[in-house]
Every structure is written in structure tokens, then in C-alpha cells.
Amino acid sequence: MSTSLETPSGTSAGPSIVASGLPPLADLVRAGSKRTRVVYGAETSAVEDDGLARANKIKLATKLAIEYKDVQTLPPILQAQQTGPAGPKRPTQPSIAASATAGPNVKLIGGPEAEKASSSTPQAVAEPRSLVKFRHQEGFAAEGGQATSRLSQALMRKKEAREVKPEYHPEWKLTRVISGHMGWVRAVAMDPGSQWFATGAGDRVIKIWDLASGELKLSLTGHISTIRGLAVSDRHPYLFSCAEDKMVKCWDLETNKVIRHYHGHFSGVYSLSVHPTLDVLVTGGRDASVRVWDMRTRANIFTLTGHTSTVGDVKTQDSDPQIISGSMDSTVRLWDLAAGKCMNTLTHHKKSVRALAIHPTEYSFASASSGGNNIKKWKCPEGIFVNNFVGHEAIINTLSINSENVLFSGADNGTLTLWDYKTGLPFQHLKDIPQPGSLDAEAGVFCSTFDKTGTRLITGGADKTIKVYSEQA
């Protein structure tokens, strides 16, 4: 339907206006006002807050006040503690403080507006673009580029204070040389009571010596190849031995006879260790496996596999990791005895790991190989690396630690080093002098152990002798 405007005379005044199909006028006005606010609201600050957003803010504030009304203020005791004497404040950097107090017109980061301003004022000197303006360039250049601050000096003093000084350790001297073996002395074990010690050598004989006099007390024969490991039980009168003939034997020291054999290794057995609190024996050998034995039933409880080369040394302790093994594949593995699985593999060594030593009281151990930085200290139970023992450039065959934090390392070339275990610094170097007696006598240290008091050190070497070193009072 269409309508037309007519004049009083009845004639039409113009074209007809179609009223149908047009949107309501109120909707058009509302849409136009919204566009106007969006375009001009930023300059005129006339944009009104949306009612729904304001209502949500009020609702959230009310819920927070209701939810946390009981914990908004601290109890009087805690308030008194927080308002106590304040500690030393962290020193502030002058450059940051100066830039913060320069005023609101100072901009730390330059933008397009800053570039326009600099181009419009040619008299202005161009400054370096940096996050924080450095206001001591003259002094920095005058000191030759070595700007010192209170913060750096404080850090240096703190670092110097952290350095641990080594303990004083008396000197060690050779006090006795014992001969009697007809081959290289490859294994030594100390009696828990420090009355006697046992040695094994390439002559396939185990000899038991009196520690005080150095006299031979007993010789045990039974192995048919070089003896590589010895261990004395702390809780039983048993002596355990392993050799390159794949045999692991248990000797009864009351009858001086073999009472048990442990069969399972496919090649020579190079090391063994007795658990201090369990009736468990651990061995490692050339078949790259670590085997866990029941001491009484001779059962092979676990065969721990993972090494890819000869296992050079194994150690046990009564806390995790209860078994530690070092191998010719340049790795040290920490084993979980309860699960029979590897807990961690340490790959810091570059060459074969030949020796391990566990600290008697501190929760740590050391490992040794050949080459530079060849002795490393680790923290149990994760095997966290602590530090290197630098200075013994040789193939390390044996390590021993006593309760007075003295670490001994013996090498293939006959050099001996005594270290302060806490700092990793050497305090004495010795040289193994080969004793005359045969044409093939040469310098070289293969095994070592401290007695229970930590004042005597026993070593076995390539000159077929046993040497006893004593701490000088």
C-alpha cells in the first residue's frame, strides 16, 4: 500500500514514499549510537561501562569477600613476627634507580614517537638504545671497562667465604714390606677386628697375615687361576674369594676349608663385596654382569645386566643405592637391590672405571678411571656429581677411604696419592719402589685397604710384595 502527499488543491506534491520493508527507527538510532561511542569514545572518554560487566565485577568481589573473610587478616602473633626487625636490604643498582626517578616523560624503550621527536630536534645528541640507561659511562671508560659495584663485590666476598679449606692430615710413611707371594698381589681384605688381613695373588694362593707383626699365619689353596677379589664378613667367620677361574668360594675360617661354591659366571670374576647387614654376596666379572647371591643357600637372587663390558669393581652398602658397580664401558651404575633394577647410570667418565670406594660415614662414594679428572666424587642416593680430584695422571687401579676423610689412590705406574676427601686437594704424593727379588718385579699398585682405625694402609703391587703405610702422629 502506498500513500502520496497532496496539496490543498488536490495535486500530487512528489513521488510516493514506500512505508513497508524499512527497519524500525529505534533500532537504527541504537546502532548508530553504538558506532559513535566506539569511534569517538577513546578521545572523549565518554564510553560507559557495560552493565553486565559491572555486575560481574560486583558479584566476584562479593564472593571473594565472603569466601576469604576469615583469612584476610593475620593473627596477632604472625603480625608481630612480620613487623619484627628487618634484615639487610638488597643493594639497588644506581642506573635503575636513576631511571625510575627521572619522571614519567622518560621512556626506557624507544618507539616511533621517540624517533620522530629525535628527528625533529637535530640539536639533540643520539643516545644508545638500551632497556636501562647507563649513566656512568665516563667513569666506566676511565676505569678501562672494569666497573665495580657493591653487588659484585658482595658476591665475590660470598664466593670466597664458601670455599672450604682442607683439613690438616699427618704424613704417611712406609713402615713394613711383606714378601711371600709368587705373583702380582691383586686383592686384599681386612679383618673387622684389625687383627689380621688376607691377600690374594697371581700364584693362586690366599695368605693370611698378622697385622701387628707381619708374619704369615695361614695359606689357603683351592683356586686354579689368579685371585682377583677378597672380602671378609662382619657378621660371620667367613672369607669370600673370587678368581679368573669363574669360581666364587666361601671359606670357613674356623675350619680353614671351603664350605660353599657359587656357580653362574661365564667368565672370570674380578670383584666381590659382602653386604654389611644382609646375608647377600655381590660379584662382578668379565661377562659384564653383576650377580647377587644368597650367602647361605648359594642361590643366584638377581643377575643385574646393563653393562656392556667387564665389571671392574662392585661395592655394597646398607642404604640406597645398595649396589654400585663400575665397568670398562666407562659407566657407573647404581642398583636397587630390592627391585633388582638399575636406578641411575653415571656417564661422566671417559675411560674404563676400575675402582670404587664408599665413604664409611658420609653418604657418598668415589670412582676412578684413567686420564685427566679421573677420580670423581658422587653423592648418594641419586649419584649427584660433586667434584673432581685433579692431579693423578695415571691409570687408577684402586681407591680407599678412611673415616678421617683421607682418600688413597694407587695407579698402574706405581704412583700413590693421598687426598683430602672433602675438598679434593692432594696433600701427599708417594712412589712405589719395586722390591728386588725377581726379574719381572715392577712398580704398580693393584689393591689397597685401610684398617678399621684408619691409621694404617695396606697395598698390594706388581713387585709381589705387600706394603704397610702408617700415619705419623
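Here the Cβ of each residue, glycine as well, is placed from N, Cα and C on the backbone.
Swiss-Prot lists 1-14 with the feature compositional bias 'Polar residues'.
Residues annotated as region 'Disordered' in Swiss-Prot: 1-21 (among others).
Look at Swiss-Prot and you will find 103-126 (among others) tagged as region 'Disordered'.
Residues annotated as repeat 'WD 1' in Swiss-Prot: 180-219. Residues of the same chain lying 6 or more positions beyond the ends of the repeat 'WD 1' (180-219) and with a Cβ under 8 Å from any Cβ of it are 225-232, 234, 239, 241, 243, 251, 256, 444, 446-453, 456, 458-462, 464-466, 468.
Mapped onto DSSP classes, the repeat 'WD 2' (222-261) shows 0 helix, 22 strand, 18 coil. Residues annotated as repeat 'WD 2' in Swiss-Prot: 222-261.
Residues 225, 228-234, 236, 238, 240-248, 250, 309-318, 322-323, 325, 327, 329, 333, 335, 337, 340 of the same chain lie 6+ residues outside the repeat 'WD 3' (264-303) yet bring a C-beta within less than 8 angstroms of a C-beta in it. Summarising the annotation, Swiss-Prot assigns repeat 'WD 3' to 264-303.
Through the fold, the repeat 'WD 4' (306-347) approaches residues 270-278, 280, 282-286, 288-290, 292, 353-358, 363, 365, 367, 369, 378, 380-383, 385 of its own chain, all at least 6 residues removed from its boundaries and within a Cβ separation under 8 Å. Under the heading repeat 'WD 4', Swiss-Prot lists 306-347.
Under the heading repeat 'WD 5', Swiss-Prot lists 349-388. Helix, strand and coil counts under DSSP for the repeat 'WD 5' (349-388) come to 0 helix, 19 strand, 21 coil.
Marked as repeat 'WD 6' by Swiss-Prot: 391-429. The DSSP breakdown of the repeat 'WD 6' (391-429), given as helix, strand and coil counts, is 0 helix, 23 strand, 16 coil.
Only residues 6 or more beyond the boundaries of the repeat 'WD 7' (440-473), in the same chain, are considered here, and those with a CB under 8 A from a CB of the stretch are 170-190, 192-194, 197, 199, 201, 209, 211, 214, 397-404, 406, 408, 410-414, 416, 430-434. Residues or ranges marked as repeat 'WD 7' by Swiss-Prot: 440-473.
DSSP places the residues of the repeat 'WD 3' (264-303) in helix, strand and coil in these numbers: 0 helix, 21 strand, 19 coil.
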